[in-house]
Amino acid sequence: MNDTVHKHITVLLHEAVDGLAIKPSGIYIDGTFGRGGHSRLILSKLSEQGRLIATDRDPRAIAEANTIDDTRFQIVHTAFSAIPDVCEQLGLTGKIDGILLDLGVSSPQLDDAERGFSFMRDGPLDMRMDTTKGLSAAEWLAQVSADDLAWVLKTFGEERFAKRIAQAVVSYNKSATDKISRTLQLAQIIADAVPFKDKHKHPATRSFQAIRIFINSELDELEKALQSALSVLAPEGRLSIISFHSLEDRMVKQFMKKNSKGMDVPKGLPILESELNKNIPLKIIGKAIMPSEAEIEANPRSRSAVLRIAEKR
């Protein structure tokens, strides 16, 4: 299926780019190109001396990026956790003026049944961001134990019925001639295993999220990107990060908070504020930003988005 038919509305477009405080001649990284909404807006704010490097794991995102004919722009087919390697290869370590990350799954990925991310559309159970490498969700489910699956569902989906669902999935795969291979097939098995239904949320929501996060090592990728951001950024370089679920947002929030706190010193000790702040690597910029009611109405998928911004000292 050609995913160009799937409309993608970039979430918190202006807020995330404004958070970078773009310098016209600066060097920026869009770590999650997607369909290019943030990248195109960044390019519109750069002078001829400015530069934008984008990364993405999705081959279809790379194809979209290759349609941008602009000498200031380049795309690299890799995960955003590899940004330090990209910068090192380009001689840009410590010279980046801003990094933007828009975490999670894009609308084209969700809406294309062939990608296997959605429990609302029937398609092959894939879920890989990069379809050129790694195990698909179906391949992993065919070999996972009930205990390991329950751990994934609990850890990455905060699923209260993790053990029941895991047992149902593994039992089905052991007894059936044909193992689970379709999205709606898995969604139905999960729905049948859940004893209490939330009328506001599909019973497979948390399980699909958890399996997707595990298959793509999403939290590991984010952890690596956060830990390396300080070495990549130039002084006063900005981090602008949009997350879509509590696990991601908690990681981003804790990272920014931890790296923006000074030393704990005894009360009354004569020490200058400049000395206290000398070894604080980050400054948090403003409060967390959520989509407006108007944006949520225009794009309901933006509802859970949270934007956090920080600046390297």
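In case you wondered, yes, glycine gets a Cβ from its N, Cα and C as well.
Residues or ranges marked as S-adenosyl-L-methionine binding site in Swiss-Prot (evidence: sequence analysis): GLY36, GLY37, HIS38, ASP56, PHE80, ASP102, GLN109. According to DSSP, GLN109 (S-adenosyl-L-methionine binding site) sits within a helical segment.
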Longest CA-CA distance among GLY36, GLY37, HIS38, ASP56, PHE80, ASP102, GLN109, per record bound to S-adenosyl-L-methionine, angstrom: 17
Which same-chain residues, if any, lie at least 6 apart from ASP56 (S-adenosyl-L-methionine binding site) yet have Cβ under 8 Å of it: THR32, PHE33, GLY34, ILE62, ALA65, ILE75, HIS77, THR78
Residues that sit under 8 angstroms from HIS38 (S-adenosyl-L-methionine binding site) by C-beta distance, when 6+ apart in the chain: THR10, LEU13, ALA16, VAL17, ASP30, THR32, LEU100, ASP102
Per DSSP, three-state class assigned to PHE80 (S-adenosyl-L-methionine binding site): helix
